[in-house]
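Participant: The structure follows.
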Amino acid sequence: MKKINLFFIRHGETYFNTCRKIQGWSDSLLTEKGELEATHTGQWIADNVQLDRVYSSDLGRTKATTRLILLENKQQKLLPITYSAQFREAFFGSFEGDRLNQLAGLLRISVSAENDSELALVVNEDDMMNQVKKSDPTHDAEDATAFWRRVRKGLADIWDNSNDGDNILVVTHGALIRKLASRTENRYHENPDNGSISLFEMTDELDLTLQKYNQCV
């Protein structure tokens, strides 16, 4: 049976992260700390993993993180790199750029939850995305169906272009990694840290096993 290893990396810290703002498909630059996080992750990858292929979200913060990671890798010039919209963060429509606590407050009110912990208990990841779209005045925010359609397409592309035993680097976003881990294990996971590594084993484009989550180096 064909198996591949997917090393999902959350991008380095950005200025929107420090301000607790929703990024989604919007973008902000990596902070100095974020650049160091990417460099340290790149050093760990170079020392511990023989990469076969690299995928990255096509947003600026992930492309910058990918570049810094690969600068630490002596084989960077030999590694095929694919920048893909399939691995973008969830899209939050008119909420993009807003404070995280503003959107969280709206979601809590919509389900009568008193705090974020209670919100996570009464609303699963997919329902939360659907509620964001419903609450968005423009209704442009991504719902769960649209989100998973593109993520599955991205995973299928990786699967179709890999060989048994390949180690694939995927530089992407916090909510995407969290949602993937939560769906894989059917339980809620906290958001991974910037620059952290989450390892999944894939035996087909829809069959994932979470091996490690939110490992910081």
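Glycine residues also receive a Cβ, built from the backbone N, Cα and C atoms like all the rest.
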Participant: Please identify which of ARG53, ARG61 is recorded by TrEMBL as part of the substrate site containing ARG10, HIS11, GLY12, GLU13, THR14, TYR15, PHE16, ASN17.
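Facilitator: Matched candidate out of ARG53, ARG61, per TrEMBL for substrate with ARG10, HIS11, GLY12, GLU13, THR14, TYR15, PHE16, ASN17: ARG61.
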Participant: In whole Å, how far does the CA atom of GLU89 (active site, proton donor/acceptor) lie from that of ARG10 (substrate binding site)?
Facilitator: 10
Participant: Using the Cβ centroid of ARG10, HIS11, GLY12, GLU13, THR14, TYR15, PHE16, ASN17, ARG61 as the reference point for the substrate site, which residues of the same chain not in that list have Cβ within 8 Å?
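Facilitator: Residues close to the substrate site, other than ARG10, HIS11, GLY12, GLU13, THR14, TYR15, PHE16, ASN17, ARG61: GLN23, SER28, LEU30, THR31, GLY34, ASN194.
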Participant: Would you mind pulling the longest C-alpha to C-alpha span across ARG10, HIS11, GLY12, GLU13, THR14, TYR15, PHE16, ASN17, ARG61, which the record has binding substrate, in angstrom?
Facilitator: 15
Participant: Let me know how many other Cβ atoms fall within 10 Å of the Cβ of HIS11 (active site, tele-phosphohistidine intermediate).
Facilitator: 31
